[in-house]
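Novice: Below is a structure I'd like to ask you about.
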Amino acid sequence: MFSEDYGSIPGLDIIFLLGGYYYHTNYDTVDRLVPGSMQARGDNLYSAVKAFAESAKLRNARQRESLGVSNGNDDGQAVFFDYLAWFMIFYSRRIAMVLHGIPVIIFLVMPFFSRFLDSGLWCCFATFYDFVKGMILHTTGIMLAIIFPVLFSILRLLVSSYGMNWFANPFLAFMMFIPISLVGLLIPRMVFRGFPLSQNVSVLKVSKEALSDEARFWGAFGFYASLTLAYLLAGLSGGFLTFFTSASMLLAWISFCLSIKFCGRQLARSTVFYVIPLIPCLTYSVYFGGFLVQFLIEKMGMMGSLPPPYGNYVPDIVVAAIVGVVTSWCMGPLMPICGKWLARSSILQFLLHLSVIALALSSQFFPYSRDAPKRVVFQHTFLTADANRIVDSSYDFSVVDSNSLLFLFKYAPEVAKELNIGPEFSFETAKMSNQRTFLTLFPVNFLFSRSLQFPARSDEILKQYRQFPHLYTNKPQTMSSDGSRRVYLELSLGSLKEVWVAVLNITGPLSSWSFADTKLPVPETAEGGPPSYICRLTGSSHEKWNFWLEGRNVEDIRVDVAVLDQNLVEEAKKLKSVFPGWADVTAYS
């Protein structure tokens, strides 16, 4: 909010990358913190504050604008990354403009540099055409390395009763998707064993194998060089990885050519000379890619319950696609030279068998555990008409991942028994809750779909509280000369003890209000309902909120109030207690 609302102030957002399993759950305890992480956060925070405070460039937005944006120092989108947490690499956007453009220039110049003096312009164009064909083949392999795991994940869900088996067992994602991704990566090499050369071998007096290796290498190099340039032109600062890959491949190719020149074309030796310069790059790719996949898997438990029929497939497809990207990213630079070793029918069969075995094994693993819990939202809802009257009471449940509430009731029979759910229970026969039921959790309630509602008693809450939240006018409304009217309201939170938030949902021709410097937010629309304005209020339970709403005409303005109380009645506490350990329940009234 400081960078957006208070003068474009630069800053850093520092987060813990891993530990997403426990984030916002009851299992997020001190003993689960990674040792040293709080010290690292303090070091980072202190260093950042000290650097900002001592910087000679410390100016506010108006001063920067009057001095010509930034005096030519454009580090706003600088490139910075660590190498295996050993050291930090940083360079400015201006340097990145030069560095990240070099690989594409090398790719475009190389056909003319290597052929023009000896073979003429026509041969240069034929060489460039071969490089482009090599690039197309490499791109095809990369795409198949992503598509094959996605198809495999869909196939698995067609024969499995639930998804996300890998959630509590991340190794399953690697076992299932890496082998099939490698199959996709190797297929173009398998199909085009003989590279379709445009160059005349007899004129160049070079072996067809050497020309094929050259075309495949420069094609792969061109792919990573093009990605580096695309990052640069898009204004992104993440092109360091593809630039690092391009630079490492260039060193590997020089090493490969030198080994052939001095030792002859010995396949094993020249391959080793090609691989050795790539080791730092491949090590970093595995390190970075492994963290990325683990981070993504942990976040899948809170990405939202997407509606059917395709919602159940989304998490598995996303994880499969990312594993495919990481696999192709780690193995891609090796393919131009090592592909001839790997693209054999026996190796492809082995990888396919490995994938099928992993598929069979995955069905034996349960998606959740106490260390990787399923998130369940349990809301005890009371619909009130005034300060002392309850119209309706219900238990409303929702989940925030692709395994629906039916999965929960199937594998948590104690909960099903407590809610009187029989074996014939289904979404078609159940009573559904809409997103507006969970208004107090706005905007998190947009993650919910297929939420369920069950009847509940309301007598306990009447004994617990003397008054419920209620809204009333506290002075007469006023009319302005342009025909708009202003209504003065007061919100009392009653005698609630542990109020976390109160949310106003205002529907109708609203033109202004007394909140947020009288600025109206963008209206929200939920499940096809009318546009409405949402306002979240936080504060002590005993305080009353006084505010006004202004309407454009005499049409009605509807105000729904939802208040979240963290206190539960005994009956709701008992229901929460029967949930299994692998489910983390966020419960409130």
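Every residue, even glycine, has its Cβ placed from backbone N, Cα and C.
Sharing the record's features from TrEMBL:
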TRANSMEM  6-23  transmembrane segment
TRANSMEM  95-113  transmembrane segment
TRANSMEM  141-159  transmembrane segment
TRANSMEM  171-192  transmembrane segment
TRANSMEM  240-260  transmembrane segment
TRANSMEM  272-297  transmembrane segment
TRANSMEM  317-335  transmembrane segment
TRANSMEM  347-366  transmembrane segment
DOMAIN    372-588  domain 'Endoplasmic reticulum metallopeptidase 1-like C-terminal'
Novice: Given a Cβ distance threshold of under 8 angstroms, which distant residues of the chain, six or more beyond its ends, lie next to the transmembrane segment (347-366)?
Specialist: 152, 155-156, 160, 165-166, 168-169, 172, 175-176, 179-180, 182-183, 186, 190, 411, 582
Novice: The transmembrane segment (240-260): which same-chain residues, six or more beyond its ends, come within Cβ distance under 8 Å?
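Specialist: Answer is 79, 81, 89, 99-100, 103, 106, 210, 217, 220-221, 224-225, 227-228, 231, 266, 269-270, 273-278, 280-281, 284-285, 288, 329, 332-333, 337.
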Novice: In the same chain, who gets a Cβ under 8 Å from the transmembrane segment (141-159) while lying at least 6 residues past its ends?
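Specialist: For the transmembrane segment (141-159), the sequence-distant neighbours (Cβ-Cβ under 8 Å, at least 6 residues beyond its ends) are 176-177, 180-189, 223, 312-313, 316-317, 319-321, 323-325, 327-328, 331-332, 335, 355, 359, 362.
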Novice: Which value does the mean pLDDT take for the domain 'Endoplasmic reticulum metallopeptidase 1-like C-terminal' (372-588) in this predicted structure?
Specialist: 90
